[in-house]
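Feature list (source: Swiss-Prot):
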type	residues	note
REPEAT	101-143	repeat 'PFTB 1'
REPEAT	151-192	repeat 'PFTB 2'
SITE	421	site 'Transition state stabilizer'
REPEAT	456-507	repeat 'PFTB 3'
ACT_SITE	488	active site, proton donor
REPEAT	517-558	repeat 'PFTB 4'
REPEAT	594-634	repeat 'PFTB 5'
SITE	615	site 'Transition state stabilizer'
REPEAT	643-684	repeat 'PFTB 6'
REPEAT	705-752	repeat 'PFTB 7'
């Protein structure tokens, strides 16, 4: 039976390659224990897994049930008050809200780990996992890192998210793509699945048929071509150039890859190394079979130079004529020169520089790396450099950090989790609930996690050389070991810390030292770009980077480190909250920063009053952030046309049942799109309530708030939990992400604010 282990309990004493800055605080690993669990517990797990499979085409998002089953067993709670139901013709009472909050808080307390954070599914893009599996297979480490139990769960996950036509999307909710289908099919085959010996032979047959019917693997985007070439089922002559020499260009040139958004930069870095080394797995039976199964014509007859230019039209951003010309020149003329003497000498210099950067990234993230794609690629590079190196062994010890198990199977997370982010938001929600008897223990433990996760080290060496900004004082998305400060994570953590400082030290402990808060302000201010926005990772990149190196060909390319209302709003809120408590510290700089950020938010507002989301779905999420950012800057509803228009937008989207529910297709449609059947979603309803409550909606017309509160009260389950209703997170604007804690956090937050604003209850002991 699978069990989630956290913190130091995740460390195998026989593994000497793991390192940590704070004794693995926040680390979370799913481990298989054949002796664990009673027969009844195993039966319950199997029933949940079977239930998901039976309903997988109707409900594609897992509910993180396995975590809940384990933690509810380990962290027993007091008997819950009876569930509340408010009929359509009845008004919401204070007791209704208080009881619902108490039930929600008691349930949520069971999900908190011993070290103070909240764990949860943070998966999304399905193409992350194939890259890691291919990397492990090529290095010969697949079976040593992933046990048969891991591989069985990975296969179950992939099969569960296959669409009825045989394809796979880029994420569980997405329509079928050649990229997703080819990589998922290859992953299953590498794990021993075949049409002759698998219980899922029909699923494999349908997948292969879909691939062939859609042009075969020659039509996958460049990223897919790259991974297939590494595996040895595609030729490098069919891959667009990824010249490592570009890293030797003067940094002042716009074509320097150091100007790429952070995530793309740290993916292009190892890709260019592997491209230059032409890594390709040797021919095996499975490689030979895949060469036959993935293409519409015999492998030896494929025109690879022609294939290099191919790509499914619906899956890529079309390249411009200029881009095509540059890539052709690089492929036909520059690459032959760099592959032979004397150009080879320059290539060797570039490769040495790249490995310096890779080792720096590995060492400053404890071999976790900024994302799972760069993790797999960096691991390959270390293996290529020295197959017996300590660096490669340290990489292998960190693979399991990215894997998460739910009732739909084992998947790869967007990061090594979202522990800090979820915990910071949870603190703010718990404080808003104003029920200290229910919250004080949770808050005390969460505070310790947040404090101990703050980055307390500066990046070693010259920041400009390593393409970094200052790190000391920032907060990461997940764990301190991950090491990357993120603007909105830092801002939300600071707001949580400042909110905790207003609570009784008897309840939550001593406040964070001023010096560390000041260090956080240094980091936050460094994120601001010249246009007033705050980037997620790096403020130094221009708005127009070197598009020629957009190796993903993804339509979400620009959103990864460019204009973002959510990050900008979070930082403005944090700076404003800090300024109220510490009005003398860098006051002028903070004032100017807030003004510039506010102007950016106002410029970004859409004509209908909304804002477009980047990290959540979509207009609902971003409009809440837009409003909160403007309010933090000092704007008020009756004085701000922007806030008035935003509130009008939100109210115009309220459903007849009183809730809100937005489909992730809003990203693609570029217009607000309701969920099918005009269903309400508790998280979207909560975001809308929080936005309206912050602007004083209760004083203008409280009826929309009462109707929304009924949705949140009536949607609560017998356990105090809320059901999984659909995806809520996003990345790049075109890939969905799961945030399993949101369905608990935001109803608590919204009902807490509703209770305070409508019934005037604050800091109650009950």
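Glycine too: its Cβ is placed from the backbone N, Cα and C atoms.
A gap of 11 Å separates the Cα atoms of residue 488 (active site, proton donor) and residue 615 (site 'Transition state stabilizer'). The stretch with the most CB contacts under 8 Å to the repeat 'PFTB 7' (705-752), chosen from 151-192, 456-507, 643-684, is 643-684. Each residue in the repeat 'PFTB 2' (151-192) has a pLDDT score, and their mean in this model is 96. Sequence-distant contacts of the repeat 'PFTB 1' (101-143) (same chain, at least 6 residues past either end, Cβ-Cβ under 8 Å): 4, 6-7, 25-26, 28, 62, 64, 67-68, 71-72, 75-78, 80-81, 83, 154, 157-158, 161, 168-172, 179-180, 183-184, 186-187, 190-191, 223-224, 227, 230-231, 279, 281, 372-373, 375-377, 379-380, 383, 387, 392, 396, 399, 402, 404, 406, 411-415, 417-420, 422-423, 426, 430, 433, 435, 438-439, 441-442, 445-450, 453, 716, 719-722, 729, 731, 735-741, 744-745, 747-748, 751-752, 755, 766. When secondary structure is read from DSSP and collapsed to three states, residue 615 (site 'Transition state stabilizer') falls in the coil class. For residue 421 (site 'Transition state stabilizer'), the same-chain residues 6+ apart in sequence whose C-beta sits under 8 angstroms from its C-beta are 477, 478, 489, 492. In the repeat 'PFTB 7' (705-752), the DSSP tally of helix, strand and coil residues is 22 helix, 6 strand, 20 coil. DSSP assigns residue 421 (site 'Transition state stabilizer') to a helical segment in the three-state reduction. Under 8 Å from some Cβ of the repeat 'PFTB 6' (643-684) lie the Cβ atoms of residues 173, 605, 608-613, 617-621, 623, 626-627, 630-631, 635-637, 691-692, 695, 697, 704, 707-708, 710-712, 715, 722, 725-728, 730, 733-734, 736, 742-743, 746-747, all in the same chain and six or more residues away from its ends. Taking the Cβ of residue 615 (site 'Transition state stabilizer') as reference, residues of its chain lying under 8 Å away and at least six apart in sequence are, in sequence order, 488, 564, 566, 567, 621, 729, 730, 731. Residue counts of the repeat 'PFTB 6' (643-684) by helix, strand and coil are 21 helix, 2 strand, 19 coil (DSSP-based).
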